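Novice: Annotation comment: TrEMBL describes A:2-105 as domain 'HPt'. The domain 'Histidine kinase' feature in TrEMBL is assigned to A:266-517. Residues or ranges marked as domain 'CheW-like' in TrEMBL: A:519-654. Per TrEMBL, the feature phosphohistidine maps to A:HIS48.
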Amino acid sequence: MANVSMAQFHQVFFEESLEGLDNMETALLALDEGGDKELVHTIFRAAHSIKGGAATFGFPEMSAFTHEAESLLDELRDGRRPIDKPIIELLLRSVDCLRGMFARAQAGQPLNDEAAEALRGELAAAMGREATTEVKARRSGDRADAWTVRFRPHPGMAASGNDPLRLMRELKALGEMKVTADLDKLPALDKLEPGECHIGWTIELRGQVKRDTIKGVFDWVEDECDLSIEPLHVVAPPAAAEAPKAAVADVATARAAREGAPAASAESSSVRVSIDKIDSMIDLVGELVITQSMLDQFRENFDIAKLAMLQEGLTQLARHTRELQESVMGIRMLPIGSVFNRFPRLVRDLSAKLGKNVRLDMHGEHTELDKTVLEKIGDPLVHLVRNAIDHGLEMPDKRRAAGKVEQGTLRLEAFHRGGSIVVEVADDGAGLNREAIVAKAVQRGLISSGEGMSDEAVAELIFQPGFSTAAVTTDLSGRGVGMDVVRRNVSDLGGSVTIRSTPGKGSVFTIVLPLTLAIIDGLSAAVGEESYIVPLVSIVESVQLKTEAIRSVAGGGELFRFRGEYLPVIRLHEVFGCAGAVRKIEDGLMIVVEGEGTRVGLFVDGLNGQQQAVVKSLEANYRRVQGVSGATILADGSVALIVDIAGLVRLQSRRKAA
Amino acid sequence: MAKILAVDDSASMRGMVAFTLRGAGHEVSEAENGQLALDQAKGGKYDLVLADVNMPVMDGISMVRELRTLPEYKGVPILMLTTESHTDKKMEGKAAGATGWLVKPFDPEQLLATVNRVLG
């Protein structure tokens, strides 16, 4: 029963422990950089918590492993062992190992593997001994069938919360007692301090009790009393095998507990919310209730003289609703620091492997992002960072030859801009090599020649599928996963990636992400009887065209000229089969949109205006539809589909190919 | 039924302790470090305080020391939740004024037994 109730805390334990491991890693890396020795305390505390939790929640292997790491940390903390590179390396590997154990624990798999066992041995070896086994043989202590216990508390004992009466009660539970009080130290009444203990006792305890059991009663007050425990009669010592058997049984129960609760490993994801956020929401709800009751009075008796008040109330209602909306959305927002955290380690390992000297400069870790965005932005960022170290930053000798400092700088920064979050990955490396890119693109058949192409257009080429400029494919960033995948991932999140590069000075990759996925800013466009929402972020501009501006191409496609470029036309009424839509180009409107770096014109009847749309999943309620990212409910209660620009562009190019 | 304050920086530990004690009919408040616990203890009188040793901001031992300077917490049982690898911490806690300790790992039954021991 107790074990069943324990399982409900596993998820919290996993989450806080993984967070603790992140903190350990960060602190270890800072120590590696010559950081404050105080950091050892932080690391120790994290390991200590994990060990305690692992033991409590039935993960003895994890607890045993952490125990070794903790002992080593304890020696570092006390200064008994110097903190050097090999030790930090070993502890970093222990962090990784524990992460693996947690992953297996969450998946309900056996925790220990050979690597973990070997690393545990390494930790012990670092302390000059063998790994301890957690089986503790408890001393059983001698037995007697009657004892004399002399107990005299020190005057201050009760102040520590130890009531002598409680101790007597516990002793009484062990057997039959005969107690004599010793009053010789009792002061005169006028000198008596009521909170102090002045009486001593001699207790004759009859029963089959071990000395340790009696001692256990007094374990908390050993240092606060005079105590002697003497046998009245001695009996033969008991069988010795008892203790280890008990320890084995403990491990077995713990294992059974874990196996007995497989349901606990089926996680539902959760968010930790700061109390401040919740408090502010409660305040806002309070405000809403007040406004509501104020508006309520107009229901019964309204005359036109109160119109101003009614309007005032409605304005207030609108404001509070908006604030509450922002506040509720805020619950899903988490600092990007949790994603940035992995980079110090990554940069350290990677630059060491490549023989480069790289300094990582991170800013804006507190910038908050929607949890879903946060979970999916990690991989693209890892790719960009790897790319910057692998291809962007030069080797130290090359940098020196170019008159730069040997240490390259990689800047990772997150900040707000308008209604978006911007994440930049910048390096002060060589910048993009125009010739190499053009040559590669020609070789790949992406373009016929680079002549007349702007630098921006050349830079865009690296986002084309299957593009890679590295002469030798390394195992780091050249695994066929290109920048096109980065762009695809980011655009799936409703964001965009662009690059700005200066030869010899470096490159900046800029990722622009929406604040949240749950609400988007969009333009509502009319197509026949229907309305469609076009996300504002993807709109370049809207133009009204004459029919002559449209050129038909072979295969039924249409193009129009926009700022020196020919863009394909996508007629929304054709894609979605809307009846009664405008067909003549000059009667409708062309919305120029951009998705995955490609611009197209969306032909619609006209615009209804800008609005915020609460995104409802189409997949969850119906099924996935190509070219549509979701649906929303309009102010009049009707449903509008949200256009997925990137999806439409893909749809269009497939149709073109067919 | 007693008013109990559970102090631990680990949410899972705190949750387990609070859940177990509430299940036994006690009224449990939670705090995630010594400082917060101290503020809370000043606001209302608790019959028992259970505190972890290693915590950020203010550790359990400093917290006990501070608590014992308050007249209303003289003689109130305070138990340290400690791990067996740190027997010295038990004594340090005692010197600061703790009533006793409960060694981690403990299960709900052990927790209840110890709590009942001090509450009588």
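Residue 1 is the first one shown; counting continues down the chain.
Here the Cβ of each residue, glycine as well, is placed from N, Cα and C on the backbone.
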Novice: Going by DSSP, give the three-state secondary structure for A:HIS48 (phosphohistidine).
Specialist: helix
Novice: Around the Cβ of A:HIS48 (phosphohistidine), how many other Cβ atoms lie within 10 Å? Please give the count over every shown protein chain.
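Specialist: There are 25 such Cβ atoms around A:HIS48 (phosphohistidine).
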Novice: Using DSSP, what's the helix, strand and coil tally for the domain 'HPt' (A:2-105)?
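Specialist: Looking at the domain 'HPt' (A:2-105) with DSSP, the answer is 86 helix, 0 strand, 18 coil.
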Novice: Please list, for the domain 'CheW-like' (A:519-654), how many residues fall into helix, strand and coil according to DSSP.
Specialist: 28 helix, 70 strand, 38 coil
